[in-house]
Amino acid sequence: MQDRTYTADAEPGDHVTVAGWVHEIRDLGGIAFLILRDSSGKIQIKFEKDEMDEELVETGLDVSRESVIKVSGDVEEEPRAPTGVEVTPESLEVVAPADPELPLDPSEKVDADLSTRLDNRTLDLRKEEVQTVFEIRSDVLRAVRDQFRDYDCTEINTPKIVATGTEGGTELFPITYFGEEAFMNQSPQLFKQLVAGSNVERVFEIGPIFRAEEHNTPRHLNEATSIDFEGAFCDHTDAMDVAEGIVKAAYESVQENFGDQLEELDLAEDFAVPEGDFPRISYEDALERINATGELDEQLVWGDDLSTPAEEALGQDVGGHYFITDWPSEIKPFYIKDHDDDSELSTGFDLMHPRMELVSGGQREHRHEKLIEGFEQQGLDPDQFEYYTKMFKYGMPPHAGFGLGGERLLMTILGLDNIREAVLFPRDRQRLSP
Ligand code: ATP
Ligand code: AMO
């Protein structure tokens, strides 16, 4: 809108036109105040009933909360006003009235339950702390992109409708593609490798992944945002360095750009920029440490995957971000390379936050015959993946990479209880709209 001023930019002495939502009306008799809210903040509009045009006062005070209005007038200093300035209106237009029956009231201090919030996301996002979560999400993605650029990576986009899955057969959403069976992609895994094998060498992608998981937990989504990296001539330790750098860059950006807001909005309690190098703990040592905590009913043995209680026990023991390295080959996917001197041990790694897993990655198997063997060992038909495996015959360099869950990153940075709070319109078992 031309010549509209954001409320945050209205300075005493200015003549402005502000536009936004009616946050609150306080009628004190001879004087009344309307608080108008926009994306930048709030401003007080003052109505002195005896001194102002009757129709203007009536329009301003009859309007329902959350209606959109446009007000023109002079800005004056007023220490008693919430932001220290107020506007005396000369004209006021109701641009879009709101039904007085609001399913969720953005000016209310108490939180509505999450389901009501998600059903009415537009109203929910009018709350400052909810708006801030998504401003921070945008900032985190920008910081991640900048950091990847510092690592000489090219941003890519790979298809989300695919012929085959990679992350285990049961977690795919099937769709029909012109009469043929197809799937929503679970991971850009194979595609990012195909690009890393070209002259492009180092790539990243930020995009949706689809997982038909039956889970209904506070940290699983059926559509999530994956932050993926793949680099030629990299090994698993290089990929760990990149993952650590990306996570730290996200924290540092939030600290720099939102430090004050976190305090004001009570989001700061769990926030701390991680310090020092993330420890790299081998799977074997991890088992030992978990068993030593005595938190589990049964002792873990070699080959066991780490359950949620096991991850939590280790997370508490370590107390910060850490890597788990050198997993048994049998519990890592076919595309992860084994150590050259021990085929039982893989180069796969996970990056953990004390609350949950954030990243999986590893060096990839780049030797054609070994790759085919890996497919067979995992019970997958290599012929179905020929579009992928054949490129390994034409000069595939050693390469490594990882996938980082974008919502899990935001959730752990801000200490959000539920991953659904980190997505505008989450997809879960119960929710397909909005
Ligand atoms: P004043 O304090 O301006 O002499 P008052 O105390 O006689 O006014 P009103 O002018 O009717 O009473 O105001 C009612 C209430 O609104 C008072 O508590 C006053 O402090 C507060 N108030 C008055 N003007 C403003 C303003 N511009 N911003 C915020 N609060 C105000
Ligand atoms: P993985 O399956 O471990 O690895 O996924 C990588 C990261 O993505 C996030 N994530 C999820 N977040 C929310 N809801 C889900 N349902 C969900 N599933 C995964 C997690 C997880 O750590 N191809 C490999 C990565 C690689 O090796 O490059 C992969 O997809 O934060």
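Cβ coordinates are placed from backbone N, Cα and C, and glycine is handled just like the others.
Please treat TrEMBL annotations as automatic predictions, because they have not gone through curation.
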Per TrEMBL, GLU167, SER360, ARG364 bind L-aspartate; matching candidate in ARG126, ARG211, ARG408: ARG211
Can you tell which of GLU269, GLU275, GLU357 TrEMBL lists as binding ATP with ARG211, ALA212, GLU213, ARG219, HIS220, LEU221, GLY405, GLY406, GLU407, ARG408? GLU357
Quick one: sort out which of 49-52, 101-104, 189-192, 229-232 is the region 'Aspartate' according to TrEMBL. 189-192
Argmin Cα dist to HIS220 (ATP binding site) over the binding-site residues ARG211, SER360, ARG364 returns ARG211
What three-state secondary structure does DSSP assign to GLY406 (ATP binding site)? helix
Of the binding-site residues listed as ARG211, GLU213, SER360, ARG364, GLY406, the one whose CA lies nearest the CA of PRO82 (site 'Important for tRNA non-discrimination'): GLY406
What residues, ordered by sequence, lie under 8 A Cβ-to-Cβ from GLU167 (L-aspartate binding site) and sit at least six positions away in the same chain? GLN186, SER187, GLN189, ARG211, PRO333
Candidates PRO82, ARG364, GLY406 (recorded positions) with CB under 6 Å from ligand 2, in sequence order, are none
Taking 10 A as the limit, how many CB atoms besides its own sit near the CB of ARG211 (L-aspartate binding site)? 21
Cα separation, ARG364 (L-aspartate binding site) to GLY406 (ATP binding site) (Å, whole number): 22
